[in-house]
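In what follows, a structure is listed as structure tokens, so that the remarks can point back to it.
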Amino acid sequence: QDRSMGDHFSISDQLVLAGHWGRCIGDCGSGGVRSRAVWCMHAEGWTTFHANCDQQDKPESQRSCFKVCDWHLELFQWEVSGWDRCGLVSAAGAEAGAELCVTAQHGLQRRSVRCLQKLNRTVVSSEICEYFSPQPPAEQACLVPCPRDCVVSQFSAWSPCGQGCARGLQHRTRAVIAPPLYGGAPCPNLTESRACGAPACPLGEEQHTYSLRLGPWGQCQPPHPKDLELAGRTMLDLGSDSGERSTSALPGSHPQHQAGEVEIGYQTRPVRCVRSDGKHVALSLCLQDPVPVTSRSCVMPKDCTTSEWSPWSPCSHSCGWGSLAPGLRSRRRSVRSVPVGAGKPCPELEEREACSGGGKAPLFAWRTSEWKACQVSLLLDQQDPHHQKQAGLCGGGTQSRVVYCAQIIVEPGTQRPKEVARPVDGKLCQGPAPATSQLCHLPCLAECAVSSWSPWGPCLPESCQHRHGGRGFRMRQRQVVVDPVGTLAGCPHLVESIPCEDARCHEWVVSEGSCVTDRGKCGPGHRVLKAVCKSRKGEEAPHHLCSELPHAEVVACEVPCARDCVVSEWSPWSPCSHSCSSRNAEGTQSRSRSILALPAEGGKACPPERALQEQRACNEHPCVHFFWEASPWSSCSEDVLGTALNTTISWSGETTCGVGIQTRKVFCRRSSSGQVTPKRCPESVRPEAVRPCLLPCRKDCVVTLFSEWTPCPTACQPGNTTAVKQSRYRIILQDSANGGQACPDTLYEERECEDVPICPVYRWKSHRWSPCVLVPESVRQSLPGQSEACGHGLQARGKIPPSTPTRVFFRCLFEGLAEYFCRHSNLDSSTGEFGSFSCQVHEAVPCYSECNQYSWEVGPWSPCKINSEQNSLHCGEGIQTRTVRCVKTKDHGVETVPNALCNQAEVPEAEQKCSLYCPSECAVSEWGQWSPCPQVCDPSIMQTRTRQVLRSPVSSKPCPEDSQMKPCILNQNCFQYQYNVTGWSGCQLGANATCGHGERRRLLSCQRSDGATVSMQLCQQLHLEKPVPTSSRCVVGCAVDCQLSPWSAWSQCSHSCGTGQMVRGRSVVLRAAGEGRPCPEQLTQHRSCPVKPCYSWLLGPWSPCTVQGGQCGDGFQVRNLTCVVHDASVSATSRPVENALCGELPSKESVLQLPCSVPCPGDCHLTEWSEWSSCELTCISGRSFETSGRQSRSRAFLVQSAENRESCSGQEMETRPCSGGKCYDYLWQTSPWRDNVRTVWCQRSDGINVTGGCPLRTKPAEVQHCSPACRKPFSYCTQRGVCGCERGYTEVMRSNGLLDYCVKVPGLEDKKADVKTIAGKNKPVNSKMHDIFKGWSIQPFNPDGKLKVWVYGVSAGGFFIIVFLIFTSYLMGVCPPAAQPAHRQGR
């Protein structure tokens, strides 16, 4: 069957097959179940019924498993070990590739990866940890440096030879500098020996010395049977109280000794006489007086014996968890007899192993209480308790909570852990503890700020269902500018009203048409009135909503004729002087018109001056207004009637404890007096008196369970100690609120420990000493010098051991001075009080002011005044004036204020030019407004303005122009507008806040293209996009003082005696921020402990190796152990005191005595250890491969006799890690060539010559060879590996660049000192040309085939000669013919 199918079990012809196990399903923890399919199959491959298979062999189809859930994340974790050393990957051809290694080779390093349960660190299945995170890799690639051979130093000088004719050996040694690494060659021999050159001694005249060699002591042997009659006296029963010796019979040759008995035996050692050449000779040649001791008494070794193991203890579930995280169980055994002599020491007396079993196990995790209320630290001027009540502190602050380690009990098989809130020691929780404090923000109290009142609205009825007039109200409003925060008093009333009569929702709006003459162009005429029905909001409405039409549909008028007086139209009505009417003041408004042209004779005269102005009453309602006023809301209470609705109300997703109601009183008030009947106030704006609210949840106090009682001491206490107490505590997790159960008063309990054992006092009780036991007589008779029954022996006694001595520890009684942390540095040292502080803080606080609070008010223009002195007709150009004043808007009108309060850039003109048309002149009206330019200025587009002809002239003189045009030019008559924002203001906080959350603002204005700031309405009319936002939240960093934890308890003294230090510490709970008090640099404090004298054992230096009674062989070296007193300081001087003050010995006797050996003449022996080599790192390309380096030392083996050279071998090397190492390079060094031979050696980069370290494949050649060999006379092999000629000879080369022969340089025959000759070489006779040109033939080529320098010189000289000849012949050819006769004549 295929194994991939799962398990299969063969039963005769039937096969039972089982599939793979499925996933673990079920409850979390160990209650999970995994299943697999099991079926019965015939051997031929077809399935059959289960009954055909043997039911006893049916495999299980279900098994329990561990179901992993998300909350198990805190219980399990991956544990990875450190990476192992990098090892080479074994592969085919690895050995061949090792020779090609240059710097490093590819390797592999591994580590162990296990899934652990955190509680008791037991290994569980990897599937559990893989549920939360993938398994970390267990292998990774790495680099292994190339194999490095052992590196040794140079040999030392040869040792001196001995005097006389004895043929001794001399030797030299070297030391190991670096051990072999990564498969490098082992270290070579560290010793070389050679025979001294002294002549051999004649026969019979050899000079020898003799030495007595003592061998090592043998094992301790029991006495012979014939000496057992003394056995009754040699054994003591250390378990009996009697001091009498045991004289019980010992039947047979093998006595049965009881536990604790001391048996005294004997031991011997061999003694031999050794000659200086290493040969053994007769003992008589070495014996001396006294004879060395060859036997002694000894204590027979007895191993420690123990009892049988006790049964296993029950499985401890305090550290167990479920079936996958076993607990621990233990078993013990006791000592039956202690080891005696060199017997084996006692083994471990307790064993522990993991065990399984269900049960609850604790898990520990950090838990916290709820955050306490946010607290704001006081400023300097707020530290007065009277001021503190008035100033509501707000802004940034801190809040704290309690952090503790809690015990969580996990119940296997449940979905969630069941928490037991019991505080335990913080050391049981892993990971960092949560923060105990944090920054917080306390909202600042803000009063409600409202805008100013709007103008009074029209008289409107309560409802517009009634078309005709009736009782109504006129109302005005104001808006909330700043919402209140944290104040019980809400905003003031926002609506005021005045009762009025004839309230209408719609009214007729009448407009007059132009004046139409009855006949002709001038004279009497009429205007047609146009009435439109509009609502109070100015919207057009159907006619039936208004009352009857106005009666007068036509109004008489007159168009001036050429001689008539011309009067302007009426101006608009001025604003009402008062917003209401009272006994002392009534509201009025006026309008006026002016004379534009004087009449001529016969024309219609101008109206009198009083007819140029009209006045009427306005705002005739009395100055008494009414408003709704409401009391503050009551506290939220349960609504008895509405409880049934609570189940259906969803309050914005918050968890609530029900919905209640709040109520308040609402009543109508008059401004001048108190409460009035509700009919005086409009019912449509009446505030609500009932609203739903959230019922506050009742919070009971929540506390943890009491912690476990602190443990009482299990060890016994001295009899004079005070009563020991134990305590426990609990922590408040949540304070009570809204009528919840209050917190308990008791948070800490204390009680005395019961049944504390009192330490008994023990003293040693000794038996009497036994008689002295010597070596048995039969042994003494067989050894030299040991015949008499006297000398050194052993005697023993029993001793009852005490318990541990009582030690009294003194606590430090003084805890030191209290510490004061001052927030300010100017503490008055004389009074201990703080000095006075004087400082001034400037802070910008936002305020709210209406932009239209102050405005310019202008009166009507006066009649045009003509200067009568210059104009007798009283017509033409003149001047008219008007009054301009700055006013402040008040509730019932306006108040004149100084002009400086209004915007001086927008002050209206108080005087302007005017014209009064003379009689019979053409009279025209004032110019109208210029038509608007487009938003994008374009000079091709014109703007126009017009005026009308009011009176035609008498004469034919034309009237002035009635229209004007000009182009739209940017920044002259055409402007563009955009919003402009200022920079952000500083962060503005609440009135009582010093830090925390605030708001910053930026102002928005409308800016014209020429840079002028204009009214915002111009930008609003263009519907420009406003820059947003104009306000944003900001934070002013709080000056948070550093908060520290309380001081810990003083630690144990650093030294149990002498001048020690105790330390205590504290930690930073909250870091300082802003300008807060910083954290101190010193978080620990030290203080000295009470000085106590130090008593300690002082080991002296080792003595030289001594051989008792002999000259060489096995001996021992000793050192002294002294009890000294000192003060534990570095420069302390110690003096010896009584040994009893130091207590028990530090260790066994072997510390004070070590075996050693003194080499005999002719013996092989090891040298002393060499000095530790310098620390060296393993490096790749000059970079360190390891964190720590290595240093080595070695011992060489010296051979003193030539006869023992073959049998002597061996050397020792030690390597230890070191820090602060360096990278060294190993380079080949060479000497100059000498007779084609040179020296090659390896040198480290610090200049030390070594053997090993340099790669052999790059070693330079030590002997130089030329190919072919230089066999020509006077030739030799050059450093370049080619044949050349000796000094005084030059080379004659062949065409292939090889040397043909050597020729002597001309002129050097007599200079013998400059010519090198080679003896035994003949003159060249292999060429006839050589004989012809002997002495001057030269060769243009170097031995390496290149042209010599002089060849280039000769070539250049020949070139210049040729050029000169050509140039000379050219000059001779161009000479004139006339010069030839004269030449001849002169000749």
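Each residue, glycine too, has its Cβ placed from N, Cα and C.
Per-residue pLDDT, averaged along the domain 'Spondin-like TSP1' (150-201), amounts to 84 for this model. The feature domain 'Spondin-like TSP1' is assigned by TrEMBL to 150-201 (among others).
Residues or ranges marked as domain 'Spondin-like TSP1' in TrEMBL: 304-357 (among others).
Summarising the annotation, TrEMBL assigns domain 'Spondin-like TSP1' to 565-623 (among others).
Secondary structure of the domain 'Spondin-like TSP1' (701-759) per DSSP (helix as H, G, I; strand as E, B; remaining residues coil): 0 helix, 18 strand, 41 coil. Among the features that TrEMBL reports, domain 'Spondin-like TSP1' is placed at 701-759 (among others).
Here the domain 'Spondin-like TSP1' (1042-1094) is broken down by DSSP into helix, strand and coil counts: 0 helix, 19 strand, 34 coil. Marked as domain 'Spondin-like TSP1' by TrEMBL: 1042-1094 (among others).
What TrEMBL lists as domain 'Thrombospondin type-1' is 1268-1307. Within the domain 'Thrombospondin type-1' (1268-1307), the DSSP-based counts of helix, strand and coil residues read 0 helix, 17 strand, 23 coil.
Under the heading region 'Disordered', TrEMBL lists 237-262.
The feature transmembrane segment is assigned by TrEMBL to 1349-1371.
Residues of the domain 'Spondin-like TSP1' (150-201) grouped by DSSP class, helix first, strand second and coil last, total 0 helix, 17 strand, 35 coil. Counting residue by residue with DSSP, the domain 'Spondin-like TSP1' (565-623) contains 4 helix, 20 strand, 35 coil.
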